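Student: According to TrEMBL, the record shows the following:
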DOMAIN    49-506  domain 'Major facilitator superfamily (MFS) profile'
REGION    508-532  region 'Disordered'
TRANSMEM  48-73  transmembrane segment
TRANSMEM  85-103  transmembrane segment
TRANSMEM  115-138  transmembrane segment
TRANSMEM  144-164  transmembrane segment
TRANSMEM  176-197  transmembrane segment
TRANSMEM  246-265  transmembrane segment
TRANSMEM  277-295  transmembrane segment
TRANSMEM  316-338  transmembrane segment
TRANSMEM  350-372  transmembrane segment
TRANSMEM  379-398  transmembrane segment
TRANSMEM  404-429  transmembrane segment
TRANSMEM  441-464  transmembrane segment
Amino acid sequence: MKEQVSGEDGKQVTVISTETGTPENDIGLFQDPNQRPRCFTSTFQECIFVLTTTMAIGQSSFFQGAVIVISATIGRDLHMNQAEITWITAGNSLTSGALLLAFGKVADMFGRRSMFITGMAGFTLALVVAGFANSAIYMDVFSGILGIFSAAVVPPAVGSLGAVYERPSQRKNRAFACFSAGNPLGFVGGMIVSGIATQVADWRAALWVLAVIYAAFTVLTIWTVPQDLAQKTRGFSWDSVKSLDPLGMILAMAGIALLSSSLSIAGDAPDGWKTPYVIVLLVLGVALIAGFLYWQSLFSTPLMPLHVWRDRNFSLLMGILALGFSGFVAAQFWMALYMQEVLNLGPLEITARLLPMVVNGVLVNIVCAFLLHRVSNKLIMLTGTVAYAVAFLIMSFTPDQGLYWAYYFVPLLLLVVGADCQFNVVNMYVMSSLPTSDQSLAGAIFNTVSKVAGNIGLGITTAIYNAIREGGSTSPIRPYLGPYWFAAASAGIAVFLVPFLKIGTQGHSEKDPSLSNEPDEELGGLEAQVKT
């Protein structure tokens, strides 16, 4: 759609948009995309907004990271078995992954800001209540509740960021580079906060410290998140309910929940993967997901538009991300457990060993912010996948008395290179693959894939760990090496998928087209372009 309009300086400009009948974002109409968006009164407020969205997407990761370094402590205090301890992490991922798509649709239709604030406040309150847990069931249930609030926050956070930074620019690259750090750095940040709080007090204090942090960011959310000016929100009616695709929501939630459950409990089931109820859950989960995909091809306003998956680059990027992140989550889980169970390290000692991940993660995201619009994103993806593979391989050869500096320090640095490089590229591409009105849904698709991938990785590696341990291995570290080999194999497959990508740079502004060797159309960009 083309439209001749007058800009602020009186010049006639042509607006070209793929969203027929939809004007440019009201927040930054005809504004240079490299300038501060008009919805912010200062650069400081803008920075706090980006930081708030980063903390929002990192909610689930923060909680899981916090729990991992104190899982053994929680288990002893609440008399939990290994399966119940695993469910503290798995329950959070299960509910979060199952509800992301549904909340993405709701946020785009009924308003992002109110859902954003409600989700942040609910997550804070749930952390406080979880800190009073006195039984395994109590802890596992509230882990699932925390996952629900995480799922409610991520889509509006992504959607708000995508609406504010609608057009490609270097400023958008920097904002999204910070935002992309939420998941990988949130995981490590949770470990650090939890380790320090537990060392000073106990594991309950770790949850309450997180609650204080998110209470502060809830207030900042109210101050910084713009009103839904450009979003066409709909009132509650029967037509709006039908447009939500309720059947699709039910199929997606049930399918992902059953699939994730089967993967989470298989490793500790009496007969492993051969246990009847594990097989039933797995088959039902796969069948419901298949039914969901078929329904999406028929429904007029689908929960997840299938056309985005016809884009080869989109599908390949999602596949590469899933392969890498499944290993990333699994490797960190088993590494932290090894440090607790075998090396008998305390939370603060584990935190100190993981600190290099945070420092390097910040540096990698800064570098990505300056490279996305200058260097082929195919090369950045290759760098990330190779970093993953090398890190997992080094960890796979750790001997019984392996030194931290020889077998963990370098892999820890490489792990965040892999995660941050991939998250930056994939996040930018996914946000460009759906129009501004569906930015929350775009974020939900991206995060659903990463959540499900993490669950699959934990499920498979739990089965590998149990199989090696029950095989009578005399080496205390050998059961932990199996998960690393799985992660290395997944990353290796991803390396061979990268050459099939056809992407150039992302995020270059229209004023500087020379920075890209390929047209925006090949980047999956459905964003509006403004040409003078």
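Each residue, glycine too, has its Cβ placed from N, Cα and C.
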Student: For the transmembrane segment (176-197), which stretch among 48-73, 144-164, 316-338, 350-372 has the most Cβ pairs under 8 A?
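Tutor: Comparing 48-73, 144-164, 316-338, 350-372: 48-73 has the most Cβ pairs near the transmembrane segment (176-197).
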Student: Can the transmembrane segment (350-372) be said to touch the transmembrane segment (441-464) if we require at least 3 CB pairs below 8 Å and skip pairs under 6 apart in sequence?
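Tutor: Between the transmembrane segment (350-372) and the transmembrane segment (441-464), contact is absent.
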Student: What parts of the chain pack near the transmembrane segment (85-103), using Cβ distances under 8 Å and only residues at least 6 beyond its ends?
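Tutor: For the transmembrane segment (85-103), the sequence-distant neighbours (Cβ-Cβ under 8 Å, at least 6 residues beyond its ends) are 60, 63-64, 67-68, 71-72, 74-75, 115, 139-141, 143-148, 150-152, 154-156, 244, 249, 252-254, 256-257, 260-261, 264, 267-268, 303-304, 333, 440-441, 444-445, 447-448, 451-452, 454-455, 458, 462.
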Student: Which residues, given as numbers and ranges, are at least 6 beyond the ends of the transmembrane segment (316-338) yet have a Cβ under 8 Å from it?
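Tutor: Contacts of the transmembrane segment (316-338) (Cβ under 8 Å, skipping residues fewer than 6 from its ends): 65, 68-69, 71-72, 89, 184, 187, 191, 350, 354, 381, 384-385, 388, 391-392, 395, 408, 415, 418-419, 422-423, 425-426, 429-430, 446, 449-450, 452-454, 456-458, 460-461, 465, 477, 480, 483-484, 486-488, 490-491, 493-494, 497-498, 500-501.
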Student: Should the transmembrane segment (144-164) and the transmembrane segment (277-295) be scored as in contact, given a threshold of at least 3 Cβ pairs under 8 Å and pairs 6 or more apart?
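Tutor: In this chain the transmembrane segment (144-164) does not contact the transmembrane segment (277-295) - fewer than 3 Cβ pairs sit under 8 Å.
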Student: Output the single range from 115-138, 246-265, 379-398, 404-429, 441-464 maximising the number of Cβ pairs under 8 Å to the transmembrane segment (277-295).
Tutor: 246-265
Student: Average the per-residue pLDDT over the domain 'Major facilitator superfamily (MFS) profile' (49-506) and send me the rounded value.
Tutor: 85
